[in-house]
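Novice: Starting off with a structure, shown below.
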Amino acid sequence: MAKEIKGFIFDLDGVITDTAEYHYKSWQKLADEEDLFFDREVNEQLRGVSRMESMDIILDGQDVSDEQKKKWTDRKNEYYQVYLEEISKADILDDMEAKLNKLKAEGYKLAVGSSSRNARKVLKNLQITDIFDTIADGNSVENAKPAPDLFLHAAENLGLKPQECVVLEDAESGVEAALAANMKAVGVGPEGRVGKAHLVYADVDSIDFDEILKKL
Ligand code: BG6
Ligand code: MG
């Protein structure tokens, strides 16, 4: 079966780098300033979810105008941008860069499939933009994860069929998007979050691509 696999689509936040923590801190700052309820548990629901949908999850049904929501999401993004200024190659998780280079050397196509509109900036600061054959981000498609659209867009840009692609994801919404796209899903994180994936690794360090190619 592994012969069928020709490409890998990587989520960015939480798979290649731990920007998930910066998203959390930025939302927490906004929530504290605006007296909105927010904690790490709510934050877990925001993994992989677009900026505006994250705002709606935090508001939890509170009636707030679109104009106000736009102002708040813009402010959250300003806080996040400050964290992004600080990130560098040292922020790539574990041996992910070596793993990417090995896959590329073996002839696999590589893509980023991230819900973030900041993905290109993050990749630039991590200095790994050029490793990827294509970058699908929060600006690429209308329907965000868990819709399959972003991953299908990435596969199309790679010139691959969905079933030839493996998606690596740390978010439940991302695993669902990969499955909806008819791709193979590898979850990174606890079973409770990414357990629907075909294969699960507790963290980036334990991802074993030889095993993925053998088992999927
Ligand atoms: C995803 C993150 O990658 O991008 C989410 O997991 C985040 O937490 C989303 O909300 C959108 O990011 P941005 O940078 O466009 O606000
Ligand atoms: Mg993620």
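The backbone N, Cα and C atoms fix where each Cβ goes, and this holds for glycine too.
According to TrEMBL:
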type     : residues                                   : note
ACT_SITE : D11                                        : active site, nucleophile
BINDING  : D11, D13, E169, D170                       : Mg(2+) binding site
BINDING  : 11-13, W27, 46-51, S54, K76, 114-118, K145 : substrate binding site
ACT_SITE : D13                                        : active site, proton donor/acceptor
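Describe each of these features in terms of where it is and what it packs against.
Specialist: Annotation note: D11 (active site, nucleophile) sits in a coil segment as assigned by DSSP.
Here the Cβ of D13 (Mg(2+) binding site) has 23 other Cβ atoms within 10 Å, regardless of which shown protein chain they belong to.
Long-range C-beta contacts of R117 (substrate binding site), restricted to its own chain and to partners at least six residues apart, with a cutoff below 8 Å, comprise R51, D137, G138, N139.
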Novice: When the Cα of S114 (substrate binding site) is compared with the Cα of each of the recorded positions D11, D13, E169, which one is closest?
Specialist: D11
Novice: Hey, for the Mg(2+) site built from D11, D13, E169, D170, who else sits with CB inside 8 A of the CB center?
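Specialist: The answer, listed by sequence position, is F10, L12, G14, V15, A20, R47, G48, S114, L168, A171, G174, V188.
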Novice: Return the count of C-beta atoms lying within 10 angstroms of the C-beta of W27 (substrate binding site), excluding that atom itself.
Specialist: 25
